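K.L.:
OK, Swiss-Prot features for this one:
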DISULFID  25-75  disulfide bond
DISULFID  34-58  disulfide bond
DOMAIN    25-75  domain 'BPTI/Kunitz inhibitor'
SIGNAL    1-20  signal peptide
């Protein structure tokens with residue numbers, strides 16, 4: 001019985017850590033304070049998917065990815 005309880009606890013912890021989302025993914029879209037127009041992607045936590053936007057080139061936050069694949073791999 002103790003072994004079964006231990007296995008359950010270990011499994012629960014693994015599931016919890018595997019499903020934990022990176023806090024970067026909850027940051028809002030931030031175009032930055034400069035005026036360039038670099039095509040980038042951010043994770044929209046409301047729609048639960050990566051979306052395109054134009055990054056100004058400076059400032060912003062970490063929810064800023066070069067490709068949709070990179071965005072979804074980190075956050076979806």
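Note that Cβ sites are derived from N, Cα and C of the backbone, with glycine treated the same way.
Remember, it's a predicted structure, so these values are computed and weren't measured experimentally.
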K.L.:
May I ask you to report the DSSP-based helix, strand or coil state of residue 75 (disulfide bond)?
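P.N.:
In three-state terms, residue 75 (disulfide bond) counts as helix.
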K.L.:
How long is the line from the C-alpha of residue 34 (disulfide bond) to the C-alpha of residue 25 (disulfide bond), rounded to the nearest angstrom?
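P.N.:
If we compare the Cα positions of residue 34 (disulfide bond) and residue 25 (disulfide bond), the gap is 22 Å.
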K.L.:
Quick check for the class: what is the C-alpha distance, in angstrom and rounded, between residue 75 (disulfide bond) and residue 58 (disulfide bond)?
P.N.:
22
K.L.:
Give the mean pLDDT for the domain 'BPTI/Kunitz inhibitor' (25-75) on the 0 to 100 scale.
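P.N.:
Mean model confidence (pLDDT) across the domain 'BPTI/Kunitz inhibitor' (25-75) is 98.
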K.L.:
Restricting to the same chain and to sequence separations of six or more, state which residues have a Cβ under 8 Å from that of residue 58 (disulfide bond).
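P.N.:
Spatial neighbours, sequence-distant, of residue 58 (disulfide bond): 32, 33, 34.
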K.L.:
So if I draw a 10 Å sphere around the Cβ of residue 75 (disulfide bond), how many other Cβ atoms end up inside it?
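P.N.:
Total other Cβ atoms inside 10 Å, all chains included: 21.
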K.L.:
Radius 10 Å, atoms counted are CB only; among the disulfide-bonded residues 25, 34, which position scores highest?
P.N.:
25
K.L.:
What three-state secondary structure does DSSP assign to residue 25 (disulfide bond)?
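P.N.:
In the DSSP reduction, residue 25 (disulfide bond) maps to helix.
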